[in-house]
Structure formats: C-alpha cells, structure tokens
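Feature list (source: TrEMBL):
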DOMAIN    22-71  domain 'NXPE C-terminal'
DOMAIN    238-719  domain 'Cas1p 10 TM acyl transferase'
TRANSMEM  254-276  transmembrane segment
TRANSMEM  310-328  transmembrane segment
TRANSMEM  340-360  transmembrane segment
TRANSMEM  381-402  transmembrane segment
TRANSMEM  437-453  transmembrane segment
TRANSMEM  459-479  transmembrane segment
TRANSMEM  491-511  transmembrane segment
TRANSMEM  546-564  transmembrane segment
TRANSMEM  585-602  transmembrane segment
TRANSMEM  644-664  transmembrane segment
TRANSMEM  670-694  transmembrane segment
TRANSMEM  715-735  transmembrane segment
Amino acid sequence: FKGGDTCEYLLSSGRFLGEKVWQPHSCMMHKYKNSEAKNCLMDKHIVFIGDSRIRQLFYSFIKLINPQVKEEGIKDFLWYPEVNGSMRQRIKSWTEGSVAKPHIIVVGAATWSIKIHNGSNEALAQYKINITSIAPLLEKLAISSDVYWVLQDPVYEDMLSESRKMITNEKIDAYNEAAVRILNSSSRNSKAKVKVFSVSKLIAQETIMKSADGLHLPESSRDTNAMILMNVYCNKIMKPIDGSCCQPQPPLTLIQKIAFCFFTLSIIGYLIISLIHRNNYRKNKSCTDLESGEEKKPASSTPNVSTLEMLLHCFCKLGLIMTYFYLCDRANLFMKENKFYTHSSFFIPIAYILVLGVFYTENTKETKVLNREQTDEWKGWMQLVILIYHISGASTFLPVYMHIRVLVAAYLFQTGYGHFSYFWIKGDFGVYRVCQVLFRLNFLVVVLCIVMDRPYQFYYFVPLVTVWFMIIYATLAVWPQIVQKKANGNCLWHFGLLLKLICLLTCIYFLSYSQGAFEKIFSFWPLSKCFELNGNVYEWWFRWKLDRYVVFHGMLFAFIYLALQKRQMISEGKGDPLFSNRVSNVLLFISIVSFLTYSIWASSCKNKTECNELHPSVSVVQILAFILIRNIPGYVRSVYSSFFAWFGKISLELFICQYHIWLAADTKGILVLIPGYPMFNVLVSTFIFVCVAHEISQITNDLAQIVVPKDNSTLLKRLLCIAGFFSGLHFFSAMQDQSRH
C-alpha cells in the first residue's frame, strides 16, 4: 500500500497506542526536545488566534519550546473568540503588508458563537458568512505561510456547566462541516491551501471524558496536538530520522546513482550471458553425430565465462534486493509506524520461539564444548530475541535492556573464542584468511552504506566485530607468534601467550579510561571516515567501551578450555558429564546461582548509566554460567535445536537487514506493508525479511570465493583494486559534500 500524503494523514487520522502515545496513519511522529524546537522555529513569526481552546493549544506549543514557562506569564495570544469582522480585520492586516506576515498561523473558533447565541441557527448562518469572507484572506496567506484551521473538538456534555449546555456535539459538527466546506472551495492554486487540523477531533473523542470541565481537553491531549503541529512544520526542516511524517523523499546522491547504474548493467549483462548460454546449449543439444547417431556433448564453458556469469548472477540478485531496501526505507512508498512497548508484545513472541526451538531438537554431530551446531544455535536464539526486542521497542524497559546487552556481549565473546581458537589451533595468519573474514563481515554493510547513504559506523555491530577481529589477529600474529603446536613442545610458550593477553588487557583498560587517546587513534584518515558518526567518534568510543572486556574473556576462555582439552582433563564423550560427577554438580549449582543472581541484579536496575558502567565487568558472569549449564550435563551437550541453528547461520545478515526492511526509519520505527492488520503485517514483512537475509548470506559466500582468491599474487591485485574503489568512493563522497555545502 502506497504511503500517500503523510502530512495529510498526520493532520487528519491516527490512533492511540496505549493511553498517551499517538500514532498517525502511515508515518512516524518525532518527539521534539525543546532545543530542537528552538532550532527549527528560530526567527519564525508564529500566530495563534481564536478562542480558549486555541489558547490552550498555544500554551502547550510554547511549553515545547520552553517547558519552564508559566501559563500566566504568556501574553502573546490573540484573543478572537468569534469568527467575525474583528478577526477578519486582523487577518487582512497580514495580507496588506502593514504588519509582519507570520510564518505559521493557527486559527479556530466556534464554541463561543454557539454559547452567546444560545446555539441558534441564525448564528450558524452568520458563521458561514463570516468564514466565507475570511477564507480568501487565509488562502492568500497560505501561498507563503503555513495556515492551519483547527476544527472544533467534541465536548463531554454530561460535564458541561449550565452556562455551556447549549454547546452540543451536534452543533459542533454543523460548524465544523461549514468550515471544511467553505475553506479552499474557491482556491485553484494547490499551494494556496489552508490546512485543516482535524486530528484534534479524533484525539478528543478518546480523551474528552478526562476533561476538567467537559469543554477543554486534558493537558496530555493538548500536548499531543502541539507535537503534531511541530511535526507538520519542523520535520521538513530538521529531518529527524524517526519523524517520517511530512518529510520529502531525499534526493539521490551521486554515489547512489552510480550504484543504480552498476546494478542495472549487472542485470542486463547477466540476462544477455544467460540468453547466449541457453542458445548455445540448445544448439549443442540438437547437434548429433551423423555417422553414429549419438548426441554430441555440449562444449563446456571456459572457467572465465563461468566465473563472470556467477559474478553477474550474484550482482543481479543483489541489485533487486537493494531496490527493495531502498523502496522500504528511503522512498516514500511504504508506511512506517512508531514502536510501542508492552510486556505482552515482547514476552509472548519469546514464548512462541522457545516452543518452536525445543520442538526442533536433534542430536549433534560432535559433543565438544561449544561445537559448531551449539554455537549456531546460541547465535540463532540470541538473534531472534534481539529482533523481538527491537520490533517491540523493549529498550524502554530497563531489565530487558540489560539482558539484551548480555546477548550482544555474548556475540562478541564468541568472536574472541572462535577467532582465538582458529589461530591457536591452525596457526594460519595468512592474508587470505584475514581477507575472507573481513569480506564476509563487511560486504553487506559496505553495499548498504552506498545504497542507503549511511555512514559505516551507523551499522555499529559490524565495525565492532571487525575491529575486534583485527585486534585478535594482531595480538596473536605479532612476534613471537605463539600457537598450539609450538606451545606443546615447550610449556613456557603458554606463559608467553598469557603475557600477550595481559598486554592486551592493559591496552583495553587504558583506552577505556582515556577518551582522548582513543579519539586520536580513530581520528586519522581513513579510520575517521569509517568510525565517525555526526562528525565525531564519541558514539564509536561509547559502543566499544560498553563491551570492552568480553572479547578478552572469550580469548581467555578458549585458551583455558583448549589447554584442559589437550591435557584430557575434561570428558567430552556423548552423554558424559564434562567433569567428575561431584565437580560437575558443584559447578552446575554455582552456574545456576550466578545466572539467577545476575538476572536479579539486572532486573533491579534503576539507572541505565550506572548499570552500563558495571556491565563490561559483570556480563561475563552470565555468559560463563550459560556455557557451563549448556555443556556440563552430557545429555544437554549432545543435542541442539536445528530451528535456532538455522537462524544462527544467517544471524549477521538478520541483524543488518532488520535496519531497513523489517524495522523502518533506520530502526526507529516499524515497516508497514499491510496497514490495519498488525499481526498479518508482521508475518508478511518477517517472511520477506528472513528470505532476503538468507539470500544475501548465499550471495556473500559465493562472492567471497570469487573476490578473495587463494593465490597471493592475484589476491594482492584484487586488494589494490579494492583500495582504488574506496579511494574513488571517497572522492565522489567529497564531491557530494562539496555540492551540498
């Protein structure tokens, strides 16, 4: 369903999520801070003119700019409670140039006329005449200013005082109908349109019963109306990520245009080569040996043609997928909605996937600690929980946030464990291995940076695991290279490795408490281009610092585990406990207590900043507790969930793709493909999202085999080409920035 005019939807339709969160139809509303409101409205002349209801809206609007202001101290409201000659004269003065023309005009009145004329039909007729005389003036102002006519909200008739009993909802509807019919009726200029602010009626229908007098809206509803006005005017100026209402589609950058041409040529090239190969196959198939009557074998394609076809095939699929990404989160084609957290929206899906995961239980191929099936399963269920956390907006609930932080830390723990184990056992520090890992980690993100016009640091998790991989590599590859084969010959090498790990820990500790040193390291080009966000590297330092020790913990755990395994101090047979029964039971008890203790502490967190400070040091407690609970009992270690493991194999793609084709507005909202049916929409968008992530995983694996060859000389040439590509990208980016300025 097409998004349509989001400004029109913002002014006219929506619904409440819970009691106080207003959700416009099809778009997202940004919650403006007072500093943002001041920046948007700087040097702007804003006028509120009308009755007591407009005055209350005026007060709420002022408080968005200055929350400390008292209503009694505000004297700038224009009191014109009736649509009459006096109001007309004031509006006319703005069209004649005798006084400064306002940038924003908010006007509305009717209840006063109903009250003083006792709801007579003659008063309604006069109201129509007066609006007819004012409408051309408002339309003239609307050419260069934003003019909003606020329709009258319904009243709560049971609470009205005796002096207001004549103000009925029937009368209000008649006055609103007259205003809507007359305004813009004579204007042929699409720019000279008075914007009808009718959404306040919908808000009032839900909240007017909480009114103090039956006539005026409660404060929370007035604040919502003021925030809607702020979004209508400021979104196109401030361009907030989570404010999609009233935002125009961003223009294509030069790099995006080049990417579009590249993918288009790839699709055309693939279709041409496929057509040629199909025709050749048909010719060869129909060609028979006249003497023997046997069909000749088709001529085999040369490896170069085969590689080229595979390459174009990958880029063809990727081009179609990237088109979907762009349409979902950059073009104003699909609707977007704000997140709204409830406990049920988070915990019920968690229960669903838990049941599915247990249902698909199978035996593992091997029973080692953290074997491949188990780590895939671990990554899979963690990724599903993180996805549910993001789409439900559960970050607002601190206990859930703290547990999700442990899951992110567990991913980094696996990074330390997995890469350390590989380098320690294999001793392979070749360029091919490094390039393979870097390509698989970064390929999708680099493409998205180009297509979606986002900085590399925006996809913070990939830079995080990339940097930690390089730190692990540097730690183990630097002289002296200490690997398992060398250490087995002399135990002193184990102390050498521990010394390396201590040096690493010291560097981590120093950088975590020295923001200046950290920023100096990542402020040099080209690192600055990769790790800056909004012009500085503070966000990168914060993300890195948040889980600074957990990769080291993963490396240390791998070292200890592999040393115990080498000395046969643990039993990893099928069905056997990891240690002796007594030791296993003690460790299992300690692990369960530690796991629950951390959960109790995280659930009792009251301050996110304080808990984040403790998190790097204590997150390893729950991670190690989980590993021991999962691996000490032999029967638990011997089984895994194939359901979770399947998702674990594409966990990185799921984490990155969610930004644009499952969530929306760069994870700030939710993509709406099918409005009006939230559950069905989630099912459809989730199915597409998972299929796309799986397809991108296959594309990345295929391209990794082509782009990163095992031959070192060929690989060096490819690296030079990639360096040239990124230099060109930097050049075009600089040109784009220059043209913007």
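Cβ coordinates are placed from backbone N, Cα and C, and glycine is handled just like the others.
The shown structure was predicted, so the numbers you read here are calculated from the model rather than taken from an experiment.
Tertiary neighbourhood of the transmembrane segment (310-328): same-chain residues 259, 262-264, 266-267, 269-271, 273, 334, 447-448, 451-452, 660-661, 664, 671, 688, 692, 695-696, 699, 702-703, 706, selected by CB-CB distance under 8 Å and a gap of 6+ residues from either end. Counting Cβ pairs closer than 8 Å and at least 6 residues apart in sequence, the transmembrane segment (437-453) and the transmembrane segment (254-276) reach three or more and so form a contact.
In terms of DSSP helix, strand and coil, the domain 'NXPE C-terminal' (22-71) has 23 helix, 8 strand, 19 coil. Sequence-distant neighbours of the transmembrane segment (459-479) (same chain, 6+ residues past either end, Cβ-Cβ under 8 Å): 408, 411-412, 415-416, 419-420, 423-424, 429, 434, 437-438, 441-442, 445, 448-449, 500-501, 504, 530-531, 539-540, 543-544, 547, 551, 555, 652, 655-656, 659. Long-range neighbours of the transmembrane segment (546-564) within the same chain, counting only residues 6 or more positions beyond its ends whose Cβ lies under 8 Å from a Cβ of the stretch, are 369-370, 405, 408-410, 412-418, 420-421, 424-425, 464, 468, 471-472, 475, 484, 494, 497-498, 501, 504-505, 508, 511-512, 570, 612, 615-617, 619-620, 623-624, 627.
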